[in-house]
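See below for the structure under consideration.
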């Protein structure tokens, strides 16, 4: 029954799709590919909504409440991520005692990297199987894994096992990956016309949750509960979210993704213009008979594109994970954007992991708790302002094609990443605390502006049928080249350039004279970390050039499209016996549209 239902749904959608094609194109398309009606729909990207069969007892679960639920769930995830950076000194002491090493910063960075390894590997798997598994059941299972892993993270403190803590952090990443693959497309559907703004607000949980996680970890580390209590409380708070995911009154409804090559601009704008021009005095809409006149070469091109894209959708439905990865990796703009995303994230994570310790070494604060709190508040403000600002800058522009939008997004990322690199680099050599925070936070704000552009480029640079998988693959690349190595590299550089500052902090928060003598090396470490942004600027700049070249090449053959507003009248006159206007003269075309 399930198979018959799927086939019936596929046939209905294909019939609806065919009803919107011009008559001549449908006739040629059917002769070329007579079995096209047997092709099933592709389930990517997912669009999910509330089950219409639900009763009124669940009417209280509104879209706004669902969004609030997912936002706070995401917020709690990032609070958990900020516990280790917020209590870096206590974790350094824990590593030094449990492993007996004199270079604990390297292993503290490895804890963050272990989390990202689990998250990125699970994300690419979830991004492929999400089409076949009920999304919120998958989220619920992931949260159960997350709760157990977070509890084990707290247990590692009492058994003094660094390896248990490392494994637990990796499992936490696995549990979070299921949620991160489902929430963005679901929120985009909930938001409707405001979906972009909803997604932007959803991603503000990244800086806000991390900023809360910093003082969260520092406060628990300084309490009798130690940092283990921070993990246990977070695990307890996640329990109602996990239970709710199994009871959510939502189901998933896959919609037909726009076929790659569909010219929404042409079929939308031109049909509207033709309908307006072809309405007769009685209001009869005769544009359905013959709305647009085009050259035969353009018609043949559309036919070939439609057939090829239908075949591509059929192949995507049965595509293996490896083959789908090859399809996405063949897109140069996708790769350049992913590499730039990795460099951008590597700089931010590498600097934030040791931010509290670095500011203590600078002598800006007298305790780790105050350093974590101030830095967390500043980072929260930067994220709360920068992330929505990036979405507003994109939404206020109207683009005639996705290619033009892609070019704008890459240019925006390049400009703001350059400005952020300048501000962050200057802050490394500032000796006054307030001025340092102003420049560093300004650089972080400019980098947060790029968040919306990065995610949109990831989706727009690949075929629509592969966009869900592209998000997971971009996450893997970003973490493999950004989050995973950056804390390890920054920790190793800090241990090498300033070895006396590695684990020399006193319990009262004062810096030893030996560490004070190496403050310039600490500043150099932060500067090297900021220079990581040069890779992001280079990748996005080259991506902008490539996308712009592809945009001009794509539209070179279709520079002008002619709207034959007189063709409808010609057909009407031909039916009445006057065939002199049946074939209009191209020299007298009333409208000329430039793309």
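Using the three backbone atoms N, Cα and C, a Cβ is placed for every residue, glycine included.
Heads up, TrEMBL stuff is auto-annotated, nobody curated it.
Owing to the predicted nature of the structure, the values given are computational and were not obtained by experimental measurement.
TrEMBL lists 66-548 with the feature domain 'Major facilitator superfamily (MFS) profile'. According to TrEMBL, the feature transmembrane segment maps to 106-126, 138-156, 200-219, 225-248, 333-354, 374-394, 406-430, 436-457, 469-494, 526-547. Feature annotation from TrEMBL assigns region 'Disordered' to 573-595. Positions annotated as compositional bias 'Basic and acidic residues' by TrEMBL: 573-588.
Fewer than three CB pairs closer than 8 A are found between the transmembrane segment (469-494) and the transmembrane segment (406-430), and contact between the two stretches is not assigned (pairs 6 or more residues apart). Within the chain, the transmembrane segment (333-354) has long-range Cβ neighbours (under 8 A, six or more residues past its boundaries) at 84-85, 88, 105, 108-109, 112, 210, 379, 406, 410, 413, 417, 424, 444, 447, 450, 454, 457-458, 461-462, 470, 473-474, 477-483, 485-487, 489-491, 494, 526, 529-530, 532-540, 542-543, 546-547, 550. The transmembrane segment (526-547) makes contact with the transmembrane segment (406-430): 3 or more of their CB pairs lie within 8 A, with pairs spaced 6 or more apart in sequence. Among the recorded stretches 138-156, 200-219, 225-248, 406-430, 436-457, the one sharing the largest number of Cβ pairs closer than 8 Å with the transmembrane segment (374-394) is 436-457.
Most Cβ pairs under 8 Å to the transmembrane segment (225-248), among the stretches 138-156, 200-219, 406-430, 436-457, belong to 138-156. Outside the transmembrane segment (200-219) by six or more residues, the chain places 67, 70-72, 74-87, 183-184, 187, 227, 230, 352, 356, 368-369, 372-373, 375-380, 382-384, 386-388, 390-392, 448, 451-452, 455 with a CB less than 8 A from a CB of the stretch. Here the domain 'Major facilitator superfamily (MFS) profile' (66-548) has a mean pLDDT of 79 out of 100.
Long-range contacts of the transmembrane segment (138-156) within its own chain (CB-CB distance under 8 A, at least 6 residues past either end) are made by residues 73, 77, 80, 126, 130, 162, 164-165, 167-172, 174-179, 182-183, 228-232, 234-235, 238-239, 241-243, 245-246.
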